[in-house]
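Take a look at the structure below.
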Amino acid sequence: MRPVLSLIQFDPTYRLCLHSQSTKTKSSYQSSFSRLLKTSNTSTTNSTPSSSDTSSMSSATSIVSSVVGSIVTIVVVIAIIKCIRKNRMQARNTSMQTTSVSVVKDETNINMVTIERFLADIVKERPVRFTTQNIIDFTQNFEQKLGSGGFGIVYKGQLPNGVQIAVKVLHKTQDKRAEEQFMAEIGTIGRTYHINLVQLYGFCFDDTLKALIYEYMEKGSLDSYLFDENQKLKWEKLHEIAIGTAKGIRYLHEECQKKIVHYDIKPGNVLLDTNFSPKVADFGLARLCDRDNSHISLTGGRGTPGYAAPELWMPYPVTHKCDVYSYGMLLFEILGRRRNLILSQAESQEWFPRWIWHKFEGGELDGVMTNCRIEHSNRDKAERMCKVALWCVQYQPDTRPSMNSVVRMLEGEEEIIAPTNPFQYMMSFDGSSSQWSESRGYSTSTTTATNESEANSLIHQNQQ
Ligand SMILES: Nc1ncnc2c1ncn2[C@@H]1O[C@H](COP(=O)(O)OP(=O)(O)OP(=O)(O)O)[C@@H](O)[C@H]1O
Ligand SMILES: [Mg+2]
């Protein structure tokens, strides 16, 4: 048994040689292996046999040594495989630790080395960690405000290499989110790539400042084009934007590594690049931080009134289908190039989605086309859009289509069967006040609003 003992004693040396990353590793294995064999031979020859037993001993010795040799070979091979695996695991862990975030330590100067590392990090799919001073430098002390929303204020900025950025400075909340949890969410958002998603370049997680650094979208958000009389986009372009947006959401739900529910699909979160190509913004934020009170829904602060699915304000389970609902509401607004709720409109058209349902139910989709000023050449696409929107806003989440189906239906690749009434559930409210029921359907954010005017004023507040 001595040779095997020798092997056990030998093992540490052997590990050491595996840990060294020299190219001599293979020869080290070989020399170690021959050392081992030598040990085995030596041990065998050290035991002195009597002369009469020489021939039987020599054949026994050769059997023993060949058995021992085979055992040794097997054990060594297993040990080598184990060590290689272990080494690979260690290498992978180290690289994961370094890829999750990389820190820009230089407080005052962003030199070329930093920039090169930053660009390399982007290529390697990792968001970069910046300091507060970096953010101050990039935004020239928060000089140009782009807008604000439920999570914070957005400023325009520029990296030292000229790349334009949008910096979202997150509200300080009571929620003392742990750094690791923040990093984990950032890791997910930062590794999510699609042509229809706004890219996260980096973040800041200092005591004084928490911020997210995004690619800058030159044309701003879709709402300014949909609802501003002077900035109308052609309907064909809007149709493309609708499909691009659906593809972005489809990626979040069905194609990226970790499924992401957006919770806040709305025209303000569809940003447009120089060519008016759409990119969905703010995905992953719902898990990353709390919203402020301006967008609050009493069931946990998710979604924006008018776009939030019923299950977000009622005690029902919430799934990715809440995004499908919000997308449906967005689709109505794209179709009509108007807000879904305009209280100054004739009462029948006050809440656009329900007006469309009534038209569809009565076989009068032509009236919708005329009302929305949709040219003849676009009517097929617009009709499809109508039906898809009605499917998306179904009350039961399971009845809503997947985003993959949405894309296919909009592109004319999937047949669209006639939608069922998505607003059936509102009938129970209709007895007391039809406007209240529509407000509930639109606003959806409050359970404290006990009357029609209170509900309407909430909707007004949230529309501003
Ligand atoms: N990456 C960006 N590039 C250019 N402008 C941006 C970018 N991100 C945000 N903005 C601008 O800042 C505004 C405010 O964005 P923000 O996301 O804070 O608010 P919101 O989308 O209205 O609400 P929410 O908090 O629900 O997302 C947007 O309407 C848009 O005009
Ligand atoms: Mg936003």
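Just so you know, glycine gets a Cβ as well, placed from its N, Cα and C.
Features of the protein shown, as given by TrEMBL:
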TRANSMEM  63-84  transmembrane segment
DOMAIN    140-417  domain 'Protein kinase'
BINDING   Lys168  ATP binding site
ACT_SITE  Asp264  active site, proton acceptor
BINDING   Asn269, Asp282  Mg(2+) binding site
The residue listed as 'active site, proton acceptor' and Asp282 (Mg(2+) binding site), Cα-Cα, nearest whole angstrom: 8
Length of the line joining the Cα atoms of the residue listed as 'ATP binding site' and Asn269 (Mg(2+) binding site), in Å: 13
Long-range Cβ environment of Asn269 (Mg(2+) binding site), under 8 Å and at least 6 residues apart: Ser221, His262, Val280, Ala281, Asp282
DSSP-derived class (H/G/I helix, E/B strand, else coil) of Asn269 (Mg(2+) binding site): helix
Other CB atoms within 10 A, centred on Asp264 (active site, proton acceptor): 27
All-chain count of other Cβ atoms within 10 Å of Asp282 (Mg(2+) binding site): 24
